[in-house]
There are 2 protein chains.
Amino acid sequence: MSLNEAEWFTERFEDLTAFSVRFSQKLFAGKSPFQTIEVYETERLGRVLILEGCFMVTEADTFIYHEMLVHPAMNTVVSPRKALVIGGGDGGTVTEIVKYSTIESCVLCEIDPMVVDVCRTFFPSLSAGLNDPRVAIVHEDGAEFVKRFHRDFDVVFVDSTDPVGPGEVLFRKSFYESVKEALTTTGAAVFQTESPLFMRTVFANAVKNLRSVFGTHRVYPYLATIPSYPGGLWSFTYCSQSEQSPVETDKTLPRVLPPNLAYYNEAVHTAAFALPEFTAAMLAG
Amino acid sequence: MSLNEAEWFTERFEDLTAFSVRFSQKLFAGKSPFQTIEVYETERLGRVLILEGCFMVTEADTFIYHEMLVHPAMNTVVSPRKALVIGGGDGGTVTEIVKYSTIESCVLCEIDPMVVDVCRTFFPSLSAGLNDPRVAIVHEDGAEFVKRFHRDFDVVFVDSTDPVGPGEVLFRKSFYESVKEALTTTGAAVFQTESPLFMRTVFANAVKNLRSVFGTHRVYPYLATIPSYPGGLWSFTYCSQSEQSPVETDKTLPRVLPPNLAYYNEAVHTAAFALPEFTAAMLAG
């Protein structure tokens, strides 16, 4: 029995696999100059945000994605003060960043204002950090915006969509060079780099290009499970300006984690950088 | 556009989410006294084995499940000689076990002979270990079979389906007691214990009951990502008879890993036992 479209939302991935969720209500459907935007109410995954037909946020697992994008770098870079988020219009990344008292300013560069508006309305706790007085929001092309900066940010988080549509430029080598330039000499950037199981080529190419820009020994891919994303096993890549390794963090530094984290802790930090054999092999070539 | 059933196989989980794969061919459909069995040829996931409408094996990700069920215990228990597998008729678990030269005998107790026959035919490399001369196969109820043993096995792997149908008895406390009794005084058992994200109650109850049987400090849940299983983030639980912890393994022991592993290595071993905050919290109650 097939899934009734009046009750089920389905994301097809490359028309080879699909993930579906039963919804009780379609809360929003819109089309911005950049993409289609939908919000559904579901029992299993809570509210879900769909961009261009793809799961971007689910209330059930978004804590994994946002905590694992943000906290490994926040706990490696020493006293990060200035942060930049590129993409991330749902506000989840900013909400994690502003949990740290060292942060003095956080710029969110999201090309699509409709994403921000929709998430403020339908995901108030996820986007709560956007109301923090240290946060500034600009609606520009992230690849262009970051070119204006030179040694300005302690941490940069590239919270991109897949490398199609508006997210495509955020996987280019020229963009990686601009991000490196925008970092302070002790700074670090983290890029979401897709699934090493289902998007092997995209992942391997992203890491290869990041290595050519930052230097092989300053690039550290790491993993977490995001059930609503195709392939489930998801990668992020930490790239540092300095010699500070996120794997062997300085244990003499007192790290004060924000309270009420649901995924990240010190053991998870170290564990995330342990790559399975097949992933390490993909990156060895 | 809904997924055409002539081309897509769909597993619904609790009628709230669904995972689908496009297939090129249905290779087998049968019904044993225990369950329906199907095999499909797919582009993205390779061949897939479906039992009672649920993904059991996909060629794309089965290496993660079987390596992570088997190798953590094989590399904690000292020189395991005798192994028992309960369930696991696809042969994948046995195939990993017989990679170790210390193994003298391995008994597979699979209730359904049709699963073994189908997997020998359609998954020859996965089931290859079943042909090893050290392996004996019995087709009995695993919960009854294990009652005959007392301090006989160095390692027991409970490679069960979900706790419905024939797999239900393998989640009972009385079964856990029988497994403990069947282990040598230095032995250990590993149970697949479902998804801590999508099957929270089953997971938490399994760990709670295992703790009451083995003792809290001899029970170690650990995690891996299995994209084709509901919830993606999957748990296994290591339970030891002895005081030997799988987390702080004896580094003075020379561990010789089998060649050509695709997932497991020493770093992954340690990483798997690092529990995210929400998982640790579920087990703290």
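Any Cβ shown, glycine's included, is placed from N, Cα and C.
For the spermidine site, TrEMBL gives B:HIS66, B:ASP159, B:SER160, B:THR161, B:ASP162; the one candidate out of B:ASP90, B:ASP132, B:ASP141 that the record lists there too is B:ASP90. S-methyl-5'-thioadenosine is bound by B:GLN35, B:GLU110, B:ASP141, B:GLY142 in TrEMBL, and the record lists one more residue there from B:PRO80, B:PRO163, B:PRO166, which is B:PRO166. Counting every protein chain shown, the number of other Cβ atoms lying within 10 Å of the Cβ of B:GLY142 (S-methyl-5'-thioadenosine binding site) is 28. There are 26 other Cβ atoms within 10 Å of the Cβ belonging to B:GLU110 (S-methyl-5'-thioadenosine binding site). In terms of Cα spacing, the binding-site residues B:HIS66, B:ASP90, B:THR161, B:ASP162 that come within 10 Å of B:GLU110 (S-methyl-5'-thioadenosine binding site) are B:ASP90. Within 10 Å of the Cβ of B:SER160 (spermidine binding site) there are 21 other Cβ atoms, across all protein chains.
Here the C-alpha separation of B:ASP162 (spermidine binding site) and B:GLN35 (S-methyl-5'-thioadenosine binding site) works out to 13 Å.
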